[in-house]
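Novice: Okay, these came from Swiss-Prot:
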type     : residues : note
TOPO_DOM : 1-212    : topological domain 'Cytoplasmic'
COMPBIAS : 1-29     : compositional bias 'Polar residues'
REGION   : 1-123    : region 'Disordered'
COMPBIAS : 96-111   : compositional bias 'Polar residues'
TRANSMEM : 213-232  : transmembrane segment
TOPO_DOM : 233-237  : topological domain 'Extracellular'
TRANSMEM : 238-258  : transmembrane segment
TOPO_DOM : 259-387  : topological domain 'Cytoplasmic'
TRANSMEM : 388-407  : transmembrane segment
TOPO_DOM : 408-425  : topological domain 'Extracellular'
TRANSMEM : 426-447  : transmembrane segment
TOPO_DOM : 448-783  : topological domain 'Cytoplasmic'
ACT_SITE : 480      : active site, 4-aspartylphosphate intermediate
TRANSMEM : 784-805  : transmembrane segment
TOPO_DOM : 806-810  : topological domain 'Extracellular'
TRANSMEM : 811-833  : transmembrane segment
TOPO_DOM : 834-849  : topological domain 'Cytoplasmic'
TRANSMEM : 850-870  : transmembrane segment
TOPO_DOM : 871-889  : topological domain 'Extracellular'
TRANSMEM : 890-910  : transmembrane segment
TOPO_DOM : 911-922  : topological domain 'Cytoplasmic'
TRANSMEM : 923-943  : transmembrane segment
TOPO_DOM : 944-967  : topological domain 'Extracellular'
TRANSMEM : 968-988  : transmembrane segment
TOPO_DOM : 989-1058 : topological domain 'Cytoplasmic'
């Protein structure tokens, strides 16, 4: 085809030459600058003429075609196609108008007849870059030239409009940035980095003092602060100082531990900072996104998060997801000269861009500066609030009871009341200080922060702390097949040619459609390695890859434009069904090829279709050459890991875009079951059950698109499941964000990682299972501590309330402060306790927590009240074992010791799932318990003196300021220890009984549980559980029923056909 019909100096001519000679259309600042100024005056005049022109009849709207000329000031044929109106100047003749309108004049008919041969010769070429609807423009050079001028005027008008909006033309931007398509030098980039700073949004300025005080700003701390004010009112300065010390101690420990753990996790997050391909000194290098500066030239490909505001200087089928910035639900097509914004995601194609703004100067950065981002209350905060309200309400009830008793003067029960000594306030102070679990927020936040650090050691980096709770509660994991269940190391098997096509041609043409360098994916690497290893003597030098078309999820293929000794051809590789159906030999070989694809799938192979087109220049005719079998072997540990997940109550569902047959074969090899479906089948199934039920019982899904993954997650959530979703690509982002736990696998794109709750740094399903186990242990630590703390509130308030009301026994406030300090110091070690993860998903059940805590608390109240009553009202211990009779002041020391021992020992019961004797605590917990009880024993034996002049008197009318009490001696201390141990033994049976009532079952005692006894002697606890949970067994039964129903349905259909 010659180009004589097109003027040599026209934009069409330059566009054709550009398309034929270069792999990608480059736009430099020199070309744009020259075109812009050269035609400026001419276009301004044309604008004036255009306003006087009359509009003529229109043609129907045609579909847009692909842009050929990327010059912003040239003719853009895709914009012509998108216009619904074709306006022809009034000076064009009537014959021209009739030709365009579809009514050719006789003169034009004759001319067309004389030149029909040439028209047919030129048709194919024009149809590759001009909308078919507008081909008649070429019949009339006058109309075409007018259209060119009109389009250039339209382009200039749009340029002026962009300037008015503050959007400068690309050539102006490059000129202002002092940049070009070759990027910056390293020296210039370093200079600009020092001037503008790193490409990052500055962290919110931290105020350590405010962060420290935040640990004292919660309802529980407020209650303790009220207690401090009450102690001031009582002029009880020792209590005031100790209460303040307790508040400061909790805040200090929480601040230090949380910052230490947070800094460790933040360092790991920083190691995941995205790397951007940037041109420096004329060479492509990988740079961290914070090192980018205005003027840098970067290459963005599918899946990347755009690191800064940029302008496109080269584009290849680019679509950008701007929903996080603009709220647009659909991806936006970007062309040369368009702006792309920081924080957007590349959904399709690749683009070469110049950075125009970084950091706070970006569109996203300016918004971040203007809007104060607020976080909603996390689930843990809601749980803490509810627990705090329960404890405060319980304390308030007993305070009211004591106040009523004291002020109403029930002398029949209380002696010496109404002495005018502020005794009601003193009694209330005891309940406030002893009952408030002041360390709870600190312990739980520290447990979460340290847990995040522990998860990072398991190759799972947590980006949202609340996801630890959700991971522990997860009962369904939708796992990507490639790279997670399999090795993602594809191996090429023997090619299968069609007809007499040589095998080396299939592999060679597939190789020419592969990307090169760091952009290669697993398929490209497998083909490239096979081609070089199998055919090392083949000379590739005569074939130049002019242009590579990357894999597009929409049409599921990749292509290469090749120049072979002056002749051009295209090769394509991709999904075999799509490649096959586009081929000219589909009717001849289609049935046989599709059968072979099924045979390969049955054997666990993935087929890659290969075709070639020599139909230059439009390449519409393709010839299918054959199949390349690919095999991605399962990981060696995947089958065992899936069984392990089932034993833990987590159902693993395969999610893959591969064909159904391949997915079924992979599932069979992994022992996952055979209930795999495609979404179209689910929507139109004949099984007689709803789509949601089938999704719930299915073992996996094949041929999945992004919207299908989202739908699966949504249906499972509607059925009250906690769903985890793995993914790695930009198309997985919606489903990752929808799931309660979005998990970005190793090597995931920036887009996937940005919306994920957990980012894996190692491949394989076992990493996820290890993370689940760790999260359940973290949850168990938090749950155990909450049960202990609520039980302590119930125990202390009820015990001292009854002692005051029934015996007028005033307990010293200082004793409760000491108990709180020792207990809280011990409980801070719970974050590193050695616990056993449950075999079922774990989540907060406050009814169960409060029920267990009330049972423990009232049981321990009984142990203290019975112990007190025997000593206070009788002489059994004196008569039986010859212990001396205690005064009331010495009895206070004994009761202090008994309450301290029995209360802290509760943690051993609450931290275990079965018998506490079989589950050894962590060494740090044991050490803290022993040290705290040594201190408590010495205080109980020798007493405590606050004010030297203040001492308790046996006179019931003597004011009790609560600063002193006498010791009980070693004999009574040993008695208290024995008493506590005897009452401790039945607590495990109480726990198991309550658990059975609430759950309908208890943790089974099996060989593994018994072997845990040896954990006391340092032997390793078996990691894998052996008990399959009731829930998983039920799910497996449902899956079996579904499989049987599907098999029966198929047999009925077969019988009907027969």
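Note: Cβ is positioned from N, Cα and C throughout, glycine not excepted.
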Novice: As a test of reading the model: what is the averaged pLDDT for the topological domain 'Extracellular' (233-237)?
Specialist: 70
Novice: Given a Cβ distance threshold of under 8 angstroms, which distant residues of the chain, six or more beyond its ends, lie next to the transmembrane segment (213-232)?
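Specialist: Distal contacts: 239-240, 243-244, 246-247, 250-251, 254-255, 384-385, 388-389, 391-392, 395, 425, 428-429, 432-433, 436-438, 440-442, 813.
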Novice: Would you identify the secondary structure of residue 480 (active site, 4-aspartylphosphate intermediate) according to DSSP, in three states?
Specialist: strand
Novice: With pairs restricted to those 6 or more apart in sequence, evaluate whether the transmembrane segment (811-833) and the transmembrane segment (426-447) have 3+ C-beta pairs under 8 Å.
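Specialist: Contact confirmed: at least 3 Cβ pairs fall under 8 Å.
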Novice: Taking helix as H, G and I and strand as E and B in DSSP, count the residues of the topological domain 'Extracellular' (806-810) in helix, strand and coil.
Specialist: 2 helix, 0 strand, 3 coil
Novice: Which chain-mates of residue 480 (active site, 4-aspartylphosphate intermediate) that are at least 6 residues away have a CB under 8 A from its CB, listed by sequence?
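Specialist: The answer is 655, 656, 726, 727, 728, 732, 745.
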Novice: Test the contact criterion for the transmembrane segment (784-805) and the transmembrane segment (388-407): 3 or more CB pairs under 8 Å, pairs 6 or more apart in sequence, then answer yes or no.
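Specialist: In contact, yes.
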Novice: Mark yes when the transmembrane segment (426-447) and the transmembrane segment (850-870) have three or more Cβ pairs under 8 Å (sequence separation 6 or more) and no when they do not.
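Specialist: By the criterion, they do not touch.
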Novice: Which sequence positions outside the topological domain 'Cytoplasmic' (834-849), separated from its termini by at least 6 residues, show Cβ-Cβ distances below 8 Å to it?
Specialist: 379, 383, 386-387, 390, 469, 472-475, 647-650, 722, 773, 776-777, 779-781, 783-784, 786-787, 790, 911-913, 919-923, 925, 998-999, 1003, 1012, 1021, 1025, 1027-1029, 1031
Novice: Would you mind splitting the topological domain 'Extracellular' (871-889) into helix, strand and coil residue counts from DSSP?
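Specialist: Here the numbers are 11 helix, 0 strand, 8 coil.
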Novice: Per DSSP, how many helix, strand and coil residues does the topological domain 'Cytoplasmic' (834-849) have?
Specialist: 4 helix, 0 strand, 12 coil
Novice: Give the residue counts of the topological domain 'Cytoplasmic' (911-922) per reduced DSSP state, in the order helix, strand, coil.
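Specialist: Per-class counts: 3 helix, 0 strand, 9 coil.
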